[in-house]
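This report refers to the structure that appears directly beneath it.
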(Lines of atoms letter the chains of each structure in order from A and count residues from 1; the text may use other names and numbers.)
(Lines give C-alpha, C1' and ligand atoms only; values in the text may rest on other atoms or scores of the structure.)
Protein backbone atom coordinates (compact mmCIF):
# COMPACT_ATOMS: atom_id res chain seq x y z
CA UNK A 1 0.00 0.00 0.00
CA UNK A 2 1.08 3.53 -0.80
CA UNK A 3 -1.52 6.31 -0.75
CA UNK A 4 -0.78 9.98 -0.29
CA UNK A 5 -3.76 11.60 -2.00
CA UNK A 6 -5.58 13.33 0.88
CA UNK A 7 -4.84 15.66 3.78
CA UNK A 8 -5.19 12.87 6.34
CA UNK A 9 -2.21 10.93 5.01
CA UNK A 10 0.53 9.95 7.44
CA UNK A 11 3.43 12.39 7.67
CA UNK A 12 6.62 11.29 9.43
CA UNK A 13 10.31 12.28 9.32
CA UNK A 14 10.93 8.96 7.57
CA UNK A 15 8.49 9.79 4.79
CA UNK A 16 4.93 10.70 3.89
CA UNK A 17 2.03 8.52 2.84
CA UNK A 18 -0.13 5.72 4.18
CA UNK A 19 1.81 2.50 3.66
CA UNK A 20 0.73 0.16 6.42
CA UNK A 21 -2.20 -2.21 6.98
CA UNK A 22 -4.73 0.61 6.85
CA UNK A 23 -4.83 4.22 5.71
CA UNK A 24 -5.89 7.13 7.89
CA UNK A 25 -9.19 7.27 6.00
CA UNK A 26 -9.98 3.69 7.00
CA UNK A 27 -9.05 2.20 3.62
CA UNK A 28 -7.45 -1.21 4.05
CA UNK A 29 -4.15 -1.98 2.34
CA UNK A 30 -5.83 -4.56 0.10
CA UNK A 31 -8.42 -2.01 -1.04
CA UNK A 32 -5.71 0.53 -1.77
CA UNK A 33 -3.73 -2.01 -3.78
CA UNK A 34 -6.80 -3.01 -5.77
CA UNK A 35 -7.54 0.63 -6.51
CA UNK A 36 -3.98 1.11 -7.81
CA UNK A 37 -4.45 -1.95 -9.99
CA UNK A 38 -7.75 -0.55 -11.28
CA UNK A 39 -6.03 2.73 -12.17
CA UNK A 40 -3.34 0.78 -14.02
CA UNK A 41 -6.00 -1.10 -15.97
CA UNK A 42 -7.82 2.13 -16.81
CA UNK A 43 -4.59 3.67 -18.08
CA UNK A 44 -4.21 0.67 -20.38
CA UNK A 45 -7.74 1.20 -21.65
CA UNK A 46 -6.92 4.84 -22.35
CA UNK A 47 -3.80 3.86 -24.32
CA UNK A 48 -5.97 1.86 -26.72
CA UNK A 49 -8.75 4.47 -26.67
CA UNK A 50 -6.21 7.08 -27.76
CA UNK A 51 -4.68 4.95 -30.49
CA UNK A 52 -8.08 3.87 -31.78
CA UNK A 53 -9.23 7.49 -31.86
CA UNK A 54 -6.35 8.37 -34.16
CA UNK A 55 -7.96 6.00 -36.67
CA UNK A 56 -11.48 7.31 -36.14
CA UNK A 57 -12.63 4.58 -33.73
CA UNK A 58 -14.52 5.97 -30.73
CA UNK A 59 -16.36 3.92 -28.12
CA UNK A 60 -18.73 6.18 -26.11
CA UNK A 61 -19.18 3.47 -23.46
CA UNK A 62 -15.46 3.48 -22.78
CA UNK A 63 -15.42 7.28 -22.73
CA UNK A 64 -17.89 7.29 -19.84
CA UNK A 65 -16.68 4.15 -18.07
CA UNK A 66 -13.07 5.21 -17.52
CA UNK A 67 -13.82 8.49 -15.63
CA UNK A 68 -16.56 6.80 -13.62
CA UNK A 69 -14.35 3.90 -12.52
CA UNK A 70 -11.47 6.30 -11.86
CA UNK A 71 -13.83 8.34 -9.64
CA UNK A 72 -14.29 5.27 -7.44
CA UNK A 73 -10.64 5.59 -6.34
CA UNK A 74 -11.02 9.10 -4.90
CA UNK A 75 -10.78 9.62 -1.15
CA UNK A 76 -13.81 8.36 0.78
CA UNK A 77 -15.69 7.01 -2.22
CA UNK A 78 -15.47 3.22 -2.47
CA UNK A 79 -14.10 0.85 0.16
CA UNK A 80 -15.71 -2.29 -1.28
CA UNK A 81 -13.08 -4.64 -2.74
CA UNK A 82 -15.58 -6.62 -4.79
CA UNK A 83 -16.84 -3.49 -6.53
CA UNK A 84 -13.28 -2.37 -7.30
CA UNK A 85 -12.48 -5.82 -8.69
CA UNK A 86 -15.60 -5.68 -10.87
CA UNK A 87 -14.47 -2.35 -12.31
CA UNK A 88 -11.01 -3.79 -13.03
CA UNK A 89 -12.50 -6.80 -14.82
CA UNK A 90 -14.76 -4.53 -16.85
CA UNK A 91 -11.72 -2.44 -17.76
CA UNK A 92 -9.97 -5.58 -19.02
CA UNK A 93 -12.96 -6.39 -21.23
CA UNK A 94 -13.10 -2.87 -22.65
CA UNK A 95 -9.37 -2.87 -23.31
CA UNK A 96 -9.61 -6.15 -25.24
CA UNK A 97 -12.52 -4.78 -27.27
CA UNK A 98 -10.58 -1.61 -28.08
CA UNK A 99 -7.48 -3.63 -28.93
CA UNK A 100 -9.46 -5.61 -31.49
CA UNK A 101 -11.06 -2.46 -32.89
CA UNK A 102 -7.68 -0.73 -33.12
CA UNK A 103 -6.01 -3.64 -34.89
CA UNK A 104 -8.94 -3.95 -37.32
CA UNK A 105 -8.76 -0.21 -38.05
CA UNK A 106 -5.01 -0.52 -38.66
CA UNK A 107 -5.63 -3.34 -41.13
CA UNK A 108 -8.30 -1.31 -42.92
CA UNK A 109 -5.97 1.69 -43.13
CA UNK A 110 -3.09 -0.45 -44.32
CA UNK A 111 -1.06 0.44 -41.24
CA UNK A 112 0.93 -1.73 -38.91
CA UNK A 113 -0.39 -1.83 -35.35
CA UNK A 114 2.03 -0.17 -32.95
CA UNK A 115 3.76 -2.00 -30.13
CA UNK A 116 2.18 -0.42 -27.07
CA UNK A 117 3.63 0.07 -23.56
CA UNK A 118 3.40 -2.50 -20.73
CA UNK A 119 0.38 -0.79 -19.17
CA UNK A 120 -1.61 -1.69 -22.29
CA UNK A 121 -0.48 -5.32 -22.27
CA UNK A 122 -0.84 -6.17 -18.58
CA UNK A 123 -2.84 -9.35 -17.94
CA UNK A 124 -5.17 -8.98 -14.97
CA UNK A 125 -5.39 -11.88 -12.54
CA UNK A 126 -8.62 -13.84 -12.32
CA UNK A 127 -8.96 -13.96 -8.53
CA UNK A 128 -8.57 -11.47 -5.70
CA UNK A 129 -5.43 -13.17 -4.29
CA UNK A 130 -3.85 -13.16 -7.73
CA UNK A 131 -4.73 -9.51 -8.25
CA UNK A 132 -3.24 -8.56 -4.90
CA UNK A 133 -0.05 -10.38 -5.83
CA UNK A 134 0.11 -8.15 -8.92
CA UNK A 135 -0.23 -4.92 -6.93
CA UNK A 136 3.51 -4.02 -6.96
CA UNK A 137 3.25 -3.50 -10.73
CA UNK A 138 0.75 -0.69 -10.19
CA UNK A 139 2.21 0.85 -7.02
CA UNK A 140 2.33 4.61 -7.51
CA UNK A 141 5.82 4.98 -6.05
CA UNK A 142 7.29 1.73 -7.37
CA UNK A 143 10.32 3.49 -8.86
CA UNK A 144 10.86 6.00 -6.03
CA UNK A 145 14.46 4.89 -5.56
CA UNK A 146 15.26 5.53 -9.21
CA UNK A 147 13.76 9.00 -9.70
CA UNK A 148 13.95 12.42 -8.07
CA UNK A 149 11.25 13.09 -5.48
CA UNK A 150 10.07 16.10 -7.49
CA UNK A 151 9.25 13.82 -10.43
CA UNK A 152 7.12 11.59 -8.22
CA UNK A 153 5.42 14.67 -6.78
CA UNK A 154 4.59 16.00 -10.24
CA UNK A 155 3.26 12.63 -11.39
CA UNK A 156 0.99 12.50 -8.35
CA UNK A 157 -0.13 16.10 -8.86
CA UNK A 158 -1.22 15.13 -12.36
CA UNK A 159 -2.82 11.84 -11.31
CA UNK A 160 -4.77 13.32 -8.42
CA UNK A 161 -5.79 16.35 -10.45
CA UNK A 162 -7.08 14.08 -13.20
CA UNK A 163 -9.02 12.10 -10.58
CA UNK A 164 -10.83 15.28 -9.62
CA UNK A 165 -11.58 16.01 -13.26
CA UNK A 166 -12.90 12.46 -13.68
CA UNK A 167 -15.32 13.03 -10.81
CA UNK A 168 -16.72 16.15 -12.47
CA UNK A 169 -16.99 14.31 -15.80
CA UNK A 170 -19.11 11.65 -14.10
CA UNK A 171 -21.30 14.26 -12.39
CA UNK A 172 -21.87 15.84 -15.81
CA UNK A 173 -22.57 12.49 -17.47
CA UNK A 174 -25.32 11.71 -14.98
CA UNK A 175 -27.02 14.88 -16.21
CA UNK A 176 -26.66 13.84 -19.83
CA UNK A 177 -23.60 15.93 -20.61
CA UNK A 178 -20.64 14.35 -22.40
CA UNK A 179 -18.12 15.67 -24.89
CA UNK A 180 -16.10 13.48 -27.25
CA UNK A 181 -13.27 16.01 -27.49
CA UNK A 182 -12.97 16.26 -23.70
CA UNK A 183 -13.05 12.47 -23.44
CA UNK A 184 -10.30 12.18 -26.03
CA UNK A 185 -8.02 14.57 -24.16
CA UNK A 186 -8.80 12.78 -20.90
CA UNK A 187 -7.69 9.46 -22.44
CA UNK A 188 -4.50 11.06 -23.77
CA UNK A 189 -3.53 12.25 -20.30
CA UNK A 190 -4.44 8.92 -18.69
CA UNK A 191 -2.31 7.13 -21.28
CA UNK A 192 0.58 9.54 -20.67
CA UNK A 193 0.44 8.89 -16.92
CA UNK A 194 0.36 5.15 -17.55
CA UNK A 195 3.86 5.31 -19.01
CA UNK A 196 5.58 7.16 -16.12
CA UNK A 197 7.46 10.21 -17.35
CA UNK A 198 10.68 11.59 -15.87
CA UNK A 199 10.38 14.86 -17.79
CA UNK A 200 9.59 17.53 -15.18
CA UNK A 201 8.67 20.18 -17.76
CA UNK A 202 6.26 17.86 -19.55
CA UNK A 203 4.68 16.80 -16.26
CA UNK A 204 4.21 20.41 -15.20
CA UNK A 205 2.69 21.27 -18.58
CA UNK A 206 0.37 18.28 -18.22
CA UNK A 207 -0.77 19.54 -14.81
CA UNK A 208 -1.74 22.85 -16.41
CA UNK A 209 -3.44 20.98 -19.26
CA UNK A 210 -5.51 19.11 -16.68
CA UNK A 211 -6.55 22.45 -15.20
CA UNK A 212 -7.60 23.73 -18.61
CA UNK A 213 -9.47 20.51 -19.33
CA UNK A 214 -11.29 20.75 -16.02
CA UNK A 215 -12.39 24.30 -16.79
CA UNK A 216 -14.23 22.91 -19.81
CA UNK A 217 -15.62 20.05 -17.71
CA UNK A 218 -16.93 22.45 -15.06
CA UNK A 219 -18.60 24.51 -17.79
CA UNK A 220 -20.22 21.32 -19.09
CA UNK A 221 -21.39 20.38 -15.60
CA UNK A 222 -22.73 23.87 -15.01
CA UNK A 223 -24.74 23.57 -18.22
CA UNK A 224 -26.03 20.16 -17.18
CA UNK A 225 -27.24 21.39 -13.80
CA UNK A 226 -28.81 24.62 -15.01
CA UNK A 227 -30.52 23.04 -18.02
CA UNK A 228 -31.97 20.28 -15.84
CA UNK A 229 -32.91 22.28 -12.76
CA UNK A 230 -32.78 25.98 -13.70
CA UNK A 231 -30.40 28.63 -12.41
CA UNK A 232 -29.96 28.76 -8.62
CA UNK A 233 -31.75 31.64 -6.92
CA UNK A 234 -31.06 33.28 -3.56
CA UNK A 235 -32.99 31.00 -1.22
CA UNK A 236 -33.59 30.86 2.53
CA UNK A 237 -32.98 27.36 3.90
CA UNK A 238 -33.89 25.89 7.28
CA UNK A 239 -31.07 23.90 8.88
CA UNK A 240 -33.10 22.37 11.71
CA UNK A 241 -35.25 19.18 11.67
CA UNK A 242 -39.02 19.16 11.34
CA UNK A 243 -41.39 16.51 12.64
CA UNK A 244 -41.86 13.42 10.49
CA UNK A 245 -40.26 10.44 8.76
CA UNK A 246 -37.01 11.34 7.07
CA UNK A 247 -34.51 10.62 4.29
CA UNK A 248 -31.13 12.35 4.13
CA UNK A 249 -29.41 12.74 0.74
CA UNK A 250 -25.67 13.38 0.76
CA UNK A 251 -23.03 13.70 -1.95
CA UNK A 252 -23.34 15.72 -5.16
CA UNK A 253 -25.80 13.91 -7.46
CA UNK A 254 -28.88 16.09 -7.88
CA UNK A 255 -30.44 13.63 -10.31
CA UNK A 256 -30.67 11.10 -7.49
CA UNK A 257 -32.20 13.77 -5.25
CA UNK A 258 -34.82 14.43 -7.91
CA UNK A 259 -35.65 10.71 -8.19
CA UNK A 260 -35.97 10.39 -4.43
CA UNK A 261 -38.25 13.44 -4.23
CA UNK A 262 -40.48 12.09 -7.00
CA UNK A 263 -40.76 8.67 -5.37
CA UNK A 264 -41.42 10.00 -1.84
CA UNK A 265 -44.12 12.47 -2.86
CA UNK A 266 -47.28 11.94 -0.83
CA UNK A 267 -45.74 9.27 1.41
CA UNK A 268 -45.29 11.38 4.52
CA UNK A 269 -41.51 11.45 4.29
CA UNK A 270 -39.47 14.62 4.61
CA UNK A 271 -36.28 14.84 2.57
CA UNK A 272 -33.17 16.71 3.71
CA UNK A 273 -29.96 17.59 1.94
CA UNK A 274 -26.58 17.05 3.56
CA UNK A 275 -23.06 18.32 2.94
CA UNK A 276 -22.42 19.29 -0.68
CA UNK A 277 -26.06 18.63 -1.59
CA UNK A 278 -27.13 21.81 0.23
CA UNK A 279 -26.96 23.97 -2.96
CA UNK A 280 -29.73 21.85 -4.54
CA UNK A 281 -32.26 23.73 -2.42
CA UNK A 282 -31.60 26.88 -4.48
CA UNK A 283 -32.50 25.33 -7.86
CA UNK A 284 -36.02 26.22 -9.11
CA UNK A 285 -36.83 22.62 -10.10
CA UNK A 286 -36.61 21.46 -6.49
CA UNK A 287 -38.82 24.16 -5.03
CA UNK A 288 -41.99 22.40 -6.15
CA UNK A 289 -41.33 19.63 -3.64
CA UNK A 290 -42.84 20.75 -0.35
CA UNK A 291 -41.37 17.73 1.40
CA UNK A 292 -37.81 18.90 0.64
CA UNK A 293 -37.72 20.63 3.99
CA UNK A 294 -34.13 21.79 4.45
CA UNK A 295 -30.54 20.86 5.16
CA UNK A 296 -29.41 18.63 8.01
CA UNK A 297 -25.96 18.50 9.54
CA UNK A 298 -22.71 19.90 8.26
CA UNK A 299 -19.66 18.65 6.37
CA UNK A 300 -18.61 15.06 5.67
CA UNK A 301 -16.22 14.59 8.60
CA UNK A 302 -19.04 14.93 11.14
CA UNK A 303 -21.26 12.27 9.57
CA UNK A 304 -20.60 9.48 12.06
CA UNK A 305 -22.21 11.57 14.79
CA UNK A 306 -24.80 13.31 12.62
CA UNK A 307 -25.96 10.19 10.76
CA UNK A 308 -26.14 8.27 14.03
CA UNK A 309 -28.51 10.93 15.35
CA UNK A 310 -30.57 11.10 12.16
CA UNK A 311 -33.72 8.97 12.72
CA UNK A 312 -34.19 8.01 9.09
CA UNK A 313 -32.55 6.57 5.98
CA UNK A 314 -29.38 8.04 4.46
CA UNK A 315 -28.34 7.93 0.79
CA UNK A 316 -24.73 8.54 -0.28
CA UNK A 317 -24.85 9.60 -3.93
CA UNK A 318 -21.10 10.29 -4.17
CA UNK A 319 -18.21 11.16 -1.87
CA UNK A 320 -17.68 11.36 1.05
CA UNK A 321 -18.49 8.18 3.01
CA UNK A 322 -16.71 7.05 6.18
CA UNK A 323 -17.20 3.94 8.30
CA UNK A 324 -20.94 3.67 9.10
CA UNK A 325 -20.33 0.93 11.65
CA UNK A 326 -18.87 3.46 14.09
CA UNK A 327 -22.25 5.14 14.55
CA UNK A 328 -24.15 1.85 14.13
CA UNK A 329 -26.23 3.06 11.19
CA UNK A 330 -24.90 0.69 8.51
CA UNK A 331 -28.35 -0.91 8.21
CA UNK A 332 -29.98 2.38 7.15
CA UNK A 333 -27.35 3.97 4.93
CA UNK A 334 -27.42 3.23 1.20
CA UNK A 335 -24.80 3.77 -1.49
CA UNK A 336 -25.21 4.79 -5.12
CA UNK A 337 -23.17 4.75 -8.31
CA UNK A 338 -19.43 4.72 -7.56
CA UNK A 339 -19.86 4.74 -3.76
CA UNK A 340 -19.32 1.54 -1.81
CA UNK A 341 -18.82 0.18 1.69
CA UNK A 342 -18.69 -3.55 2.54
CA UNK A 343 -22.01 -4.77 3.91
CA UNK A 344 -23.92 -1.61 3.02
CA UNK A 345 -26.88 -1.95 0.64
CA UNK A 346 -26.07 -0.60 -2.82
CA UNK A 347 -29.01 0.79 -4.80
CA UNK A 348 -28.81 -0.07 -8.50
CA UNK A 349 -31.12 1.55 -11.02
CA UNK A 350 -33.64 4.29 -10.33
CA UNK A 351 -35.91 2.52 -7.83
CA UNK A 352 -35.43 3.81 -4.28
CA UNK A 353 -38.14 1.61 -2.72
CA UNK A 354 -35.66 -0.01 -0.34
CA UNK A 355 -34.67 3.43 0.97
CA UNK A 356 -38.28 4.56 1.29
CA UNK A 357 -39.31 1.37 3.11
CA UNK A 358 -36.44 1.82 5.55
CA UNK A 359 -37.40 5.44 6.22
CA UNK A 360 -41.02 4.46 6.85
CA UNK A 361 -39.92 1.79 9.33
CA UNK A 362 -37.92 4.26 11.42
CA UNK A 363 -39.16 6.79 13.97
CA UNK A 364 -38.30 9.99 12.18
CA UNK A 365 -38.12 13.27 14.05
CA UNK A 366 -40.64 13.54 16.88
CA UNK A 367 -40.98 17.32 16.93
CA UNK A 368 -40.06 20.50 15.10
CA UNK A 369 -36.91 22.21 16.25
CA UNK A 370 -36.71 26.01 16.28
CA UNK A 371 -35.75 26.97 12.71
CA UNK A 372 -32.32 28.37 11.91
CA UNK A 373 -32.20 29.87 8.45
CA UNK A 374 -29.29 30.51 6.11
CA UNK A 375 -29.29 31.99 2.61
CA UNK A 376 -27.78 30.17 -0.37
CA UNK A 377 -28.06 30.28 -4.16
CA UNK A 378 -25.60 32.94 -5.31
CA UNK A 379 -24.35 30.99 -8.32
CA UNK A 380 -23.39 32.32 -11.74
CA UNK A 381 -26.73 33.81 -12.83
CA UNK A 382 -27.47 35.43 -9.48
CA UNK A 383 -23.95 36.84 -9.28
CA UNK A 384 -24.15 38.28 -12.79
CA UNK A 385 -27.54 39.83 -12.04
CA UNK A 386 -26.06 41.49 -8.96
CA UNK A 387 -22.88 42.61 -10.73
CA UNK A 388 -24.06 46.18 -11.56
CA UNK A 389 -25.04 46.79 -7.93
CA UNK A 390 -21.78 45.28 -6.73
CA UNK A 391 -19.79 47.47 -9.13
CA UNK A 392 -21.64 50.57 -7.94
CA UNK A 393 -20.80 49.74 -4.33
CA UNK A 394 -17.16 49.15 -5.23
CA UNK A 395 -16.98 52.48 -7.04
CA UNK A 396 -18.58 54.41 -4.17
CA UNK A 397 -16.27 52.76 -1.66
CA UNK A 398 -18.89 50.73 0.22
CA UNK A 399 -17.24 47.45 -0.83
CA UNK A 400 -13.46 47.52 -0.62
CA UNK A 401 -12.52 43.86 -0.83
CA UNK A 402 -13.68 40.37 -1.81
CA UNK A 403 -12.60 37.08 -0.31
CA UNK A 404 -13.30 33.66 -1.78
CA UNK A 405 -13.06 31.29 1.18
CA UNK A 406 -14.04 27.71 0.44
CA UNK A 407 -13.10 24.25 -0.71
CA UNK A 408 -13.06 21.01 1.24
CA UNK A 409 -13.71 20.73 4.96
CA UNK A 410 -11.92 18.37 7.32
CA UNK A 411 -11.46 17.59 10.98
CA UNK A 412 -8.05 19.12 11.71
CA UNK A 413 -8.19 21.73 14.47
CA UNK A 414 -6.13 24.06 12.27
CA UNK A 415 -9.20 24.47 10.08
CA UNK A 416 -10.55 26.94 12.63
CA UNK A 417 -8.40 29.33 10.57
CA UNK A 418 -11.20 29.55 8.00
CA UNK A 419 -13.81 30.37 10.65
CA UNK A 420 -11.56 33.02 12.16
CA UNK A 421 -10.73 34.48 8.74
CA UNK A 422 -14.41 34.87 7.85
CA UNK A 423 -15.13 36.46 11.24
CA UNK A 424 -12.16 38.80 10.93
CA UNK A 425 -12.83 39.97 7.38
CA UNK A 426 -13.44 43.75 7.39
CA UNK A 427 -17.05 44.89 7.46
CA UNK A 428 -16.59 46.54 4.07
CA UNK A 429 -15.69 43.22 2.45
CA UNK A 430 -17.78 40.49 0.81
CA UNK A 431 -17.09 36.78 1.37
CA UNK A 432 -17.81 34.30 -1.41
CA UNK A 433 -17.86 30.64 -0.43
CA UNK A 434 -18.29 27.22 -2.03
CA UNK A 435 -17.73 23.54 -1.33
CA UNK A 436 -18.21 21.95 2.08
CA UNK A 437 -15.58 24.29 3.52
CA UNK A 438 -18.46 26.77 3.90
CA UNK A 439 -19.69 24.84 6.94
CA UNK A 440 -16.89 26.42 8.96
CA UNK A 441 -18.89 29.66 9.00
CA UNK A 442 -22.10 29.50 6.93
CA UNK A 443 -24.41 29.56 9.95
CA UNK A 444 -22.90 32.77 11.31
CA UNK A 445 -24.43 36.21 10.75
CA UNK A 446 -22.43 38.55 8.53
CA UNK A 447 -24.97 41.25 7.72
CA UNK A 448 -25.05 43.13 4.42
CA UNK A 449 -23.60 46.10 2.57
CA UNK A 450 -26.38 48.27 1.16
CA UNK A 451 -28.58 45.20 0.72
CA UNK A 452 -25.83 42.94 -0.64
CA UNK A 453 -25.27 40.02 1.75
CA UNK A 454 -21.67 39.94 2.99
CA UNK A 455 -21.69 36.13 2.72
CA UNK A 456 -22.53 34.77 -0.73
CA UNK A 457 -22.83 30.98 -0.97
CA UNK A 458 -21.98 30.10 -4.57
CA UNK A 459 -22.66 26.35 -4.32
CA UNK A 460 -20.76 23.08 -4.64
CA UNK A 461 -17.00 22.79 -5.14
CA UNK A 462 -17.50 22.60 -8.92
CA UNK A 463 -19.26 25.96 -8.75
CA UNK A 464 -15.81 27.49 -8.66
CA UNK A 465 -16.83 27.96 -12.29
CA UNK A 466 -19.36 30.58 -11.14
CA UNK A 467 -16.72 32.39 -9.10
CA UNK A 468 -14.40 32.43 -12.11
CA UNK A 469 -17.16 33.90 -14.30
CA UNK A 470 -17.77 36.67 -11.76
CA UNK A 471 -14.06 37.46 -11.55
CA UNK A 472 -13.81 37.59 -15.35
CA UNK A 473 -16.87 39.86 -15.55
CA UNK A 474 -15.54 42.24 -12.88
CA UNK A 475 -12.11 42.39 -14.51
CA UNK A 476 -13.77 43.35 -17.81
CA UNK A 477 -15.93 46.00 -16.16
CA UNK A 478 -12.99 47.52 -14.31
CA UNK A 479 -10.70 47.02 -17.32
CA UNK A 480 -8.03 45.24 -15.33
CA UNK A 481 -6.40 41.85 -14.98
CA UNK A 482 -8.10 39.35 -12.65
CA UNK A 483 -5.07 39.53 -10.39
CA UNK A 484 -5.52 43.30 -10.05
CA UNK A 485 -9.02 42.97 -8.57
CA UNK A 486 -9.46 43.53 -4.82
CA UNK A 487 -10.01 39.78 -4.54
CA UNK A 488 -8.17 37.12 -2.54
CA UNK A 489 -8.69 33.37 -2.81
CA UNK A 490 -8.19 31.26 0.28
CA UNK A 491 -8.88 27.60 -0.44
CA UNK A 492 -9.14 24.72 2.00
CA UNK A 493 -8.10 21.43 0.44
CA UNK A 494 -8.67 17.86 1.49
CA UNK A 495 -8.85 15.66 -1.59
CA UNK A 496 -8.57 15.42 -5.34
CA UNK A 497 -11.45 17.65 -6.43
CA UNK A 498 -9.80 20.54 -4.60
CA UNK A 499 -6.52 19.71 -6.34
CA UNK A 500 -8.07 19.98 -9.81
CA UNK A 501 -9.93 23.19 -8.94
CA UNK A 502 -6.57 24.64 -7.87
CA UNK A 503 -4.95 23.47 -11.12
CA UNK A 504 -7.83 25.08 -13.02
CA UNK A 505 -7.28 28.42 -11.33
CA UNK A 506 -3.52 28.27 -11.87
CA UNK A 507 -3.97 27.32 -15.53
CA UNK A 508 -6.15 30.41 -15.97
CA UNK A 509 -3.37 32.58 -14.58
CA UNK A 510 -4.93 33.31 -11.19
CA UNK A 511 -2.16 34.19 -8.75
CA UNK A 512 -1.52 34.70 -5.04
CA UNK A 513 -3.90 31.95 -3.91
CA UNK A 514 -3.57 30.74 -0.35
CA UNK A 515 -4.26 27.10 0.50
CA UNK A 516 -4.42 25.28 3.80
CA UNK A 517 -4.39 24.24 6.46
CA UNK A 518 -1.52 21.93 5.45
CA UNK A 519 0.13 21.54 2.04
CA UNK A 520 -0.39 18.29 0.11
CA UNK A 521 2.11 15.71 1.35
CA UNK A 522 2.99 14.68 -2.20
CA UNK A 523 4.28 18.18 -3.01
CA UNK A 524 7.96 18.42 -2.16
CA UNK A 525 9.42 21.56 -0.61
CA UNK A 526 11.06 22.31 -3.95
CA UNK A 527 7.80 21.97 -5.90
CA UNK A 528 6.02 24.18 -3.37
CA UNK A 529 8.76 26.79 -3.84
CA UNK A 530 8.41 26.64 -7.63
CA UNK A 531 4.63 27.09 -7.40
CA UNK A 532 5.11 30.06 -5.09
CA UNK A 533 7.65 31.67 -7.43
CA UNK A 534 5.54 31.06 -10.54
CA UNK A 535 2.03 31.70 -9.19
CA UNK A 536 2.42 33.28 -5.77
CA UNK A 537 0.79 30.13 -4.34
CA UNK A 538 1.42 29.91 -0.62
CA UNK A 539 0.16 28.18 2.46
CA UNK A 540 -1.99 29.92 5.04
CA UNK A 541 -0.18 31.17 8.16
CA UNK A 542 -2.17 33.12 10.74
CA UNK A 543 -5.35 35.06 10.12
CA UNK A 544 -3.80 38.29 11.37
CA UNK A 545 -0.68 38.00 9.21
CA UNK A 546 -2.54 36.84 6.11
CA UNK A 547 -5.15 39.60 6.35
CA UNK A 548 -2.43 42.23 6.61
CA UNK A 549 -0.84 40.92 3.44
CA UNK A 550 -4.11 40.50 1.55
CA UNK A 551 -5.34 43.96 2.51
CA UNK A 552 -1.91 45.54 1.93
CA UNK A 553 -1.80 46.80 5.50
CA UNK A 554 1.67 47.87 6.58
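Yeah, the Cβs are placed from backbone N, Cα and C, and that goes for glycine too.
Sequence-distant neighbours of residue 25 ([2Fe-2S] cluster binding site): residues of the same chain at least 6 apart with a C-beta under 8 Å from its C-beta are 6, 8, 18, 75, 76, 322. The feature [2Fe-2S] cluster binding site is assigned by Swiss-Prot to 3, 6, 18, 25.
Feature annotation from Swiss-Prot assigns hybrid [4Fe-2O-2S] cluster binding site to 252, 276, 320, 408, 436, 461, 495, 497. DSSP assigns residue 497 (hybrid [4Fe-2O-2S] cluster binding site) to a helix in the three-state reduction. Cβ contacts within 10 Å of residue 497 (hybrid [4Fe-2O-2S] cluster binding site), excluding its own Cβ and spanning all protein chains shown: 32.
Swiss-Prot lists 408 with the feature cysteine persulfide. The Cβ of residue 408 (hybrid [4Fe-2O-2S] cluster binding site) has 28 neighbouring Cβ atoms from other residues within 10 Å, across all protein chains displayed.
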Residue 3 ([2Fe-2S] cluster binding site) versus residue 276 (hybrid [4Fe-2O-2S] cluster binding site) - Cα distance in angstrom: 25
Intrachain C-beta neighbours of residue 495 (hybrid [4Fe-2O-2S] cluster binding site), sequence separation six or more, cut-off 8 angstroms: 5, 6, 7, 74, 75, 76, 164, 319, 320, 408
Cα-Cα distance linking residue 3 ([2Fe-2S] cluster binding site) and residue 461 (hybrid [4Fe-2O-2S] cluster binding site), given in Å to the nearest integer: 23
Residue 3 ([2Fe-2S] cluster binding site) versus binding-site residues 252, 436, 497 - nearest by Cα: 497
Residue among binding-site residues 6, 18 with least C-beta crowding, 10 angstrom cut-off: 18
Number of Cβ atoms other than its own within 10 Å, given for residue 461 (hybrid [4Fe-2O-2S] cluster binding site): 26
Cβ-centroid neighbourhood (8 Å) of the [2Fe-2S] cluster site, 3, 6, 18, 25 excluded: 4, 5, 8, 9, 17, 23, 24, 27, 32, 75
Sorted by sequence, non-252, 276, 320, 408, 436, 461, 495, 497 residues with Cβ within 8 Å of centre, hybrid [4Fe-2O-2S] cluster: 275, 300, 319, 435, 460, 494, 498
